[in-house]
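In what follows, a structure is listed as C-alpha cells, so that the remarks can point back to it.
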Amino acid sequence: MATSRVCVLFVVLYTTLAEDVKLKYKPSTTPVRLFTEEELKRYDGREEGQPIYMAVKGVVFDVTKGKEFYGKDAPYNALVGKDTTRAVAKMSLDPADLTSDTTGLDEEQLESLESVFEGTYKRKYPIVGYTASRILNEDGSPNEDFKPEDQPHFRIKDEF
Ligand code: HEM
C-alpha cells in the first residue's frame, strides 16, 4: 500500500538524518560534575564502603584509595568532604584552616600548595568534579574562563 511505503520512506529518512545530526554534533567542552557544599559533605568517609572525596583549589578528588589517610578515624579525615585548600597549603589541621579560603597565605605556603596539588593529589587521585566556586561566577553565571584540569594518566570517571 502507498501509505505503508510512505511510512517506510519516512522512517528511513528520519533515521538517516538523525544519525547525521548525531555524528556532526560535538560538544564544545567536556561535561564536568559540579559539587555543591552539601553534596561534597556526603563523601566525608563516615560511611564504610562509600567513596571519599575532598577538594583542593576547587578540584574534587576521589581519595578513596588513600583510606588509611582519609577514612573514618584516620589522621587526615578532617580534610575530606569539603574544600580544604588552606589546610593543605599550611599543612595544618587547625579547624580554622579547614576551608577553601586562601586569604593571607604567604609565598612559601602557596608554593607548597602547588606542589602538593600537582605532586600528590593530581598525580595520585582521579578528579571527579569541581566545586561551584571554580565553575561559576559569584552571581551564579558560568565562568567562561573555566578549564578542566588535565589528568591524562586517568580515564575520566563517568558519574553521569
Ligand atoms: C607530626 C606531623 C605529621 C607527620 C609525622 C606526618 C606524616 C606523614 C606521612 C608519613 C605521610 C605519608 C607519605 C606517604 O606515604 O605517601 C603523610 C602524608 C600527608 N600528610 Fe602528613 N604528617 C604530619 C602532619 C600533617 C598535617 C598537619 C597535615 C595537614 C594537612 C598533613 C597532610 C598530609 C597530606 C595531605 C599527605 C598526603 C596524603 C596522600 O598521599 O593522600 N600532614 N604525612
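Counting begins at 1 with the first residue displayed.
For all residues, glycine too, the Cβ spot is worked out from N, Cα and C.
What TrEMBL says about a protein is an automatic prediction, not a curated fact.
Owing to the predicted nature of the structure, the values given are computational and were not obtained by experimental measurement.
Residues or ranges marked as signal peptide by TrEMBL: 1-18. Feature annotation from TrEMBL assigns domain 'Cytochrome b5 heme-binding' to 35-132. Here TrEMBL flags 136-160 as region 'Disordered'. Per TrEMBL, compositional bias 'Basic and acidic residues' is recorded for 144-160.
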Long-range neighbours of the region 'Disordered' (136-160), counting only residues six or more past its ends (CB under 8 A): 29-34, 59, 62, 122-123, 126-130
Tally of DSSP helical, extended and coil residues in the region 'Disordered' (136-160): 0 helix, 2 strand, 23 coil
Residues in the domain 'Cytochrome b5 heme-binding' (35-132) grouped by DSSP into helix, strand and remaining coil: 43 helix, 15 strand, 40 coil
